[in-house]
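Colleague: Here it is, the structure, as structure tokens.
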Amino acid sequence: MASLKSSFSFILLIALLAASSLVVASAGNFNQDFQITWGDGRAKILNNGELLTLSLDKASGSGFQSKNEYLFGKIDMQLKLVPGNSAGTVTAYYLSSKGSTWDEIDFEFLGNLSGDPYILHTNVFSQGKGNREQQFYLWFDPTADFHTYSILWNPQRIVFSVDGTPIREFKNQESNGVPFPKNQPMRIYSSLWNADDWATRGGLIKTDWSRAPFTASYRNFNANNACVSSNGASSCSSSSSQNSSSSASTSNAWLSEELDLTRQERLRWVQKNYMIYNYCTDAKRFPQGLPTECKS
């Protein structure tokens, strides 16, 4: 019996090690997937590409962007935000295309005084039009450890999630005349910058430069379930033609993914308890009537 138990323990250990290696293997490498775009040395890729840090001081912030463009995807990134007194700082993590009629899907983390919560600001731009802000507090300290911030973007919907919990869903309502991001490939961007003219309490609280440099950290980027767009061709199209129809439909299931009942309930929980601003309920801002997508 003892030998049986030890054999079972050994098998379990091997299984756990194999599972952990799979998790590590699925994480992206910042050297391969991203390039630092500004900051004059303030952005750093460390640990053989496993960690990226952005820093901000009085002279400059810093930023990076993905090497690939994506047209639909299920994209994860783990962030640990600026700790302590982060008032005046903004850590932006978003997808965006270029041009005057750009599309964009935004996470922005608005810093605050020590002990006061970060504000997670979200927005969706389609064909150059935004003004679709929803803001949230988080149910944890986003500076104490890494947390996963995810965007599901498929032809039917955009879902913002935090640690697997959906916080916002923006549905495709083109049938009601609302533009939806679906034609323009987008890169991933992130930056840490000073926005003390508006970021904290409408600009009343300024950045305390005596606490600089401010640093945000990134790890475990994952875009395994995403369509890389290059010269008008999509990696999803090529993989579908190469795979059998059953395996292709399984691997690309996220392209038609929607919120099941459990995740819909989680979404309602977040919006009831942690949402602090919703453009769809701001009648003063829209005296001519709320935007079309807010009425369904």
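Even glycines carry a Cβ here, placed using N, Cα and C.
What you see is a predicted model, and the numbers here were worked out from it, not measured in a lab.
These came from TrEMBL, pasted as-is:
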- E104: active site, nucleophile (ACT_SITE)
- E108: active site, proton donor (ACT_SITE)
- N112: N-linked glycosylation site (CARBOHYD)
- 1-27: signal peptide (SIGNAL)
Colleague: What's the CA to CA span in angstrom from the residue listed as 'N-linked glycosylation site' over to the residue listed as 'active site, nucleophile'?
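Modeller: Cα-Cα, rounded: 25 Å.
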Colleague: Give me the non-local Cβ neighbours of the residue listed as 'active site, nucleophile': same chain, 6+ apart in sequence, Cβ-Cβ under 8 Å, ordered along the sequence.
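Modeller: Correct list: Y94, L95, S96, S97, N123, V124, F125, G130, P181, M186.
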Colleague: Show which residues of the chain containing E108 (active site, proton donor), separated from it by at least 6 in sequence, have their CB under 8 Å from its CB.
Modeller: V90, T91, A92, Y93, Y94, L120, H121, T122, N123
Colleague: Starting from the Cβ of N112 (N-linked glycosylation site), draw a 10 Å sphere and report how many other Cβ atoms land inside it.
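Modeller: N112 (N-linked glycosylation site) is surrounded by 19 other Cβ atoms within 10 Å.
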